[in-house]
Amino acid sequence: MRKHIVAGNWKMNNGLSQTQSLITDLKNQTKSSDAEVMIAPSFTNLWSAFESLRKSDIEVIAQNMHFAEDGAYTGEVSAGMLKSVGVKTVILGHSERREYFNETDELLAKKVDAALAKGMRVIFCFGEELADRKAGNEENIVGNQIKNALFHLEATAFKDIVLAYEPVWAIGTGETATPEQAQDMHAFIRKTLANKYGADVADSVSILYGGSVKPANAEEIFSKPDVDGGLIGGASLKAEDFFAIVNAF
Ligand SMILES: O=C(CO)COP(=O)(O)O
């Protein structure tokens, strides 16, 4: 059985006191689904979030990392640093990193390798832009993003990989992929994995959908057979909304 996962990507939101109050609110929520729950606060709040959630089953994860072990990379954070504050999972390849920080497939391949080498789990994000979808080119774009950053890996590496399909046109826009569009793309992603690594690997990898998931649409999206969870932006900043989504499974 593939894992159901709901992860909140807080992006560049919440200072220390807001982080602590949101975590208090999260701890007051009741989980009634089998989904693994994760939150990704900013780097500055990882340690305090980890400490506050030590006894909870909400995992604290990071939004990004550098590929180098350490050294002269001003402003960057390594896998080792993340592990030193209890973080075991990192989001890589978010479209905002690709767009605003010029992260390429080639760079992301190095980051994936660095994270896996440290024994971390990776939530690897990708997705097409609106123009790609309008041109009917979305499968090509997504297929290449996956191949270029991940297909140098051995099959065994996929036990530590979670995929997140986030169509850029649906992020923060209020526009969601329809459940059918999400299902079609997730099925394509699984087929792409199966062609390279075989059905066993393809069937074992959780594929999350991200892009304007809200309490009102989560249940329908999560009901699709190849949608194994969600990567949630805006709606993860309110504990009640986030748990309504967690409990949509
Ligand atoms: O980018 C996202 C999660 O990583 C999605 O953001 P929204 O849920 O705000 O559209």
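Using N, Cα and C of the backbone, Cβ positions are placed for all residues, glycine too.
Just so you know, TrEMBL annotations never went through curation; they're auto-generated.
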Among Gly172, Gly198, the candidate listed by TrEMBL alongside Asn9, Trp10, Lys11, Ser212, Gly233, Gly234 for substrate is Gly172
Nearest-integer angstrom distance between the alpha carbons (Cα) of Gly233 (substrate binding site) and Glu166 (active site, proton acceptor): 11
Residue among the binding-site residues Asn9, Ser212 whose Cβ has the most other Cβ atoms within 10 Å: Asn9
Of Asn9, Trp10, Lys11, Gly172, Ser212, the binding-site residues whose C-beta sits under 6 angstroms from any atom of ligand 1 are Asn9, Gly172, Ser212
Of Gly172, Gly233, the binding-site residues given in the record, which has the fewest other CB atoms within 10 A of its CB? Gly172
List the residues in the vicinity of the substrate site, defined as same-chain residues other than Asn9, Trp10, Lys11, Gly172, Ser212, Gly233, Gly234 with C-beta within 8 angstroms of the site's C-beta centre. Ile171, Ile232, Ala235, Ser236, Leu237
Number of other Cβ atoms within 10 Å of the Cβ of Lys11 (substrate binding site) across all protein chains: 17
